[in-house]
Amino acid sequence: MSTSTPLGKLRTNGLLWPIVALVALLVVNVIARPSFASITLRDGHLYGSLIDILRNGAPTLLVALGMTLVIATRGIDLSVGATAAIVGAITTTYIVAAPDPASARAAFIGMAIALVACALLGVWNGFLVSVLGIQPIIATLVLMVAGRGIAMLITDGQIITVNNEAFSVVGAGFVLLPVSILISIAVFIGLVIITRRTALGMLIESVGINPEASRLAGIRSRTIVWMVYVFAALCAGVAGLMITSNVNSVNPNSVGLWIELDAILAVVIGGTSLAGGRFSLAGTLLGALVIQTLTTTVYNLGIEPQAILVFKAAVVLAVCLMQAPKFRARFVRRPKPPTPAIRPTAPAPVPSKVGQ
Amino acid sequence: MTEAATAQKPSSTGAPVVEMRGISIEFPGVKALQDVDFRLLPGEVHALMGENGAGKSTLIKALTGVYTIDSGQIRVGGAPVSFARPAEAQAAGVSTVYQEVNLCANLTVAENILLGREPRKAGAIDGRAMRARAREVLTSIGLHIDPASTLSTHPIAVQQLVAIARAVAVDASVLILDEPTSSLDADEVAELFRIMRTLRDKGTAILFVSHFLDQVYEISDRMTVLRNGKLVGEYLTAELSRLDLISAMIGRELGEMDALARMTASHEADSSRVPTLRARGLGRVGSIEPMDLDVHAGEVVGLAGLLGSGRTELVRLLFGADRPERGTIEVDGKPVSIRNPRNAIAAGIAFASEDRKGEGLIADLSIRDNLVLAMQASRGWARPVPRRLKDELIEKYIELLDIRPANPDALIRNLSGGNQQKVILARWLVTQPKLLILDEPTRGIDIGAKAQIMKLVATLAAEGMAVIFISAELEEVLRISDRVVVLRDRQKIAELEGRSASVNDVMSLIASHSDGSTLERNAS
């Protein structure tokens, strides 16, 4: 198991296959439509398909980052989509009802109130899981189901449209790059620093791997698990702001719909085990990009709408299989022991499937 | 390997039925086997010897297809093989009986013996033929039990023999017995050996692993010794003295254990001072009756008692692993409230649980992370242990406790039991506790690591640490302890001077006022 070469390192930390999948998807797109790779500068903004992928993937990435930590503690959070809808509903409802609905002040207060509410939702989830000890999948299912209802109540069942420049910046603004991707990247970098430069990452992993041993070593397992759900809810909240801000309206039934599944997929593709324990934020970043690129690819290749979900599922399955050690051991030929210098990587199934 | 070449051929002749050459297996950070040769001749009992972590299990798993070898060659019956899974090995005549009985307790004896090879009639399982065939197999190894009876109705020893019957039923040319005697009493062991001899005389090659030297000398014809994943040599049992065997296994002279006894005895606790730990009326309903306990600085207090006597329950209360319902605890004369492990750690108490896997290890983290875990937990997540201090501590404890591999980045799950235990000990030592509680620190680890840990405990006490030591092995408790607290039925029944007390004293205390079954359990 050579870990000295860059390739060997990628193999051992599990980032190889997501990278292969991402590159393969990009190559397929460029072949199908050469202009895919071009990026142009207009009015100080970057435009292009790649930028679109980043912008559209920003909410998924954000939610997936929160989900990574939750999954690392052996949990799961199904309520993130509903949380995003509630945050969108609160913000837009506040802005519309404010005395000066077009002012930046209204936007900021609206977003602040929504994020505080969203943190409370995270506190609720964390309470159910860490204090009452309810299975995470059930505990967060409560809010997943109830959340959209709450959002509907807030907007009184209406689709609310806002016209507020300051609010639009979050989802549709540009500072060279789309603001939404800048936010997600900032959260990513911040999270890497806070988990890997402090001991937080190790303690989260420790709790996820063996909760009882962690408790006996004096780790505040309950606090850590609780914090992680609050963080996941905040990530979902900001994602909800991005989504509603991008279209300047909120439909409680569709904001962040199925985003929890995309987020979980991104985490899994990134190599973090659903069984908890060690997590990879870089993997999640790659996973979110793979998911978003895949969606874009589907449109770019003009695949029939009816086949989109099946196609997506096939690619995700292929990536996950290639990551599974047991599958690889069985179907990917290992080199004979006497010449262990190079391990030929088997051709990824992704490009061959996409190429059809 | 020169020894291997010069060793005489044993009485049995013929080509080796198993031949392993230059076997190497590497787990991330651990070289589990390095260039090991091994051969097994038909009609012999071959003992595989070595301490925990020497590579015995790995070698067996390499042979049976559980692990994939990184280099080397395996031949069975002369033909090169590479088993991808245990079923393939079994099909090729290599049967394994593991330490833990892995049969289906809810099925009948006959079903277990013929699982997956049931005789069929018109597509359905032929129950009558199956029982007949099972009876045949059982008779051939001299075990007379009803094949139609449910396996779980039989004692563990019989289940073990059924597992062997199952292995025999496939006409295995190679039978691997991994610690088959650990749960058997003397008569049962004799019965097992009789069966092993019968099989051997029929030409079966038997690979035998046991920690009991007496048994190894009684049953084996030859032995192969491993140490630290390397081959030490292959010997004829009759030509290797026990002393030579042990020094081959641990790579150094004995005598450390004896020096230890002196060291402990020379050390005296000053009981007039304020005790490090003073517990009064400590209890919890359904766990232990209220009891008092004092432990002084520099003193080793042993807790003796049977499983379920309250020895583990008591220390769990002291550490806050379970919440005490009544009683008080003072550390260095100051009352402390211990409601959870964090309180206990803050008060200077450390606790290594008897359940190393379930309550000690963070299996998927490195030695480094496991070692600093408790220290990090008490600092809080925002103040990571500085890299330099971490490296210093790790270097110090890897050397002090002789942790192998000496690679801080190796995952702890890949270490042997003894080395895992040392890392857990180090985890607590870096917190510089006043009171160290060790619950069965030597369970399931080999002689060498055991001696190291006992020596460490003695040294720590000599340096002024208070220690509570629990072990199921009374000799061990008596050897290390200044004072022994005897527990029975969740009550403290006596305190003895460690040096003057004998195993018999403690056993008769435990047996007194007690029903016969307890006595019997203790004696076995």
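From the backbone N, Cα and C atoms, a Cβ is placed for every residue, glycine too.
Residues or ranges marked as transmembrane segment in TrEMBL: A:78-97 (among others).
Outside the transmembrane segment (A:103-124), and at least 6 residues removed from its termini, the chain residues within Cβ reach (under 8 Å) are 79, 83, 86-88, 90-92, 94-95, 143, 147, 164-167, 170, 226, 229-234, 236-238, 240-241. The transmembrane segment feature in TrEMBL is assigned to A:103-124 (among others).
Nonlocal intrachain contacts for the transmembrane segment (A:131-154), taken as residues 6+ away from its ends with a CB within less than 8 angstroms of a stretch CB, comprise 70, 74-79, 81-83, 85-86, 88-90, 93, 121, 124-125, 222, 226, 250, 252-253, 255, 260. Under the heading transmembrane segment, TrEMBL lists A:131-154 (among others).
The transmembrane segment annotation in TrEMBL covers A:166-194 (among others).
Sequence-distant contacts of the transmembrane segment (A:224-243), counting only residues of its own chain at least 6 positions beyond either end whose CB sits under 8 Å from a CB of the stretch, comprise 58-60, 62-63, 65-67, 69-70, 72-73, 75, 77, 79-81, 83-88, 91, 111, 114-115, 118-119, 121-123, 125-127, 129-131, 170-171, 180, 183, 187, 200, 203-204, 207, 255-256, 259. According to TrEMBL, the feature transmembrane segment maps to A:224-243 (among others).
The feature transmembrane segment is assigned by TrEMBL to A:255-274 (among others). Proximity of distant same-chain residues to the transmembrane segment (A:255-274), defined by a Cβ-Cβ separation under 8 Å and at least 6 residues beyond the stretch ends, is recorded for 13-15, 17-18, 21, 59-61, 63-64, 66-68, 71-72, 76-85, 88-89, 144, 151, 236, 239-240, 243-244, 280, 282-288, 290-291, 316, 319-320, 323.
Cβ atoms under 8 Å from those of the transmembrane segment (A:281-301) belong to residues 13-15, 18-19, 21-22, 25-26, 28-29, 32-33, 36, 49, 52-54, 56-57, 60-61, 64-65, 67-68, 188, 191-192, 195, 262-263, 265-272, 308, 311-312, 315-316, 319, 354 of the same chain, restricted to positions at least 6 beyond its ends. What TrEMBL records for A:281-301 (among others) is transmembrane segment.
Taken from TrEMBL, the feature transmembrane segment covers A:307-324 (among others).
Residues annotated as region 'Disordered' in TrEMBL: A:335-356.
Residues annotated as compositional bias 'Pro residues' in TrEMBL: A:337-350.
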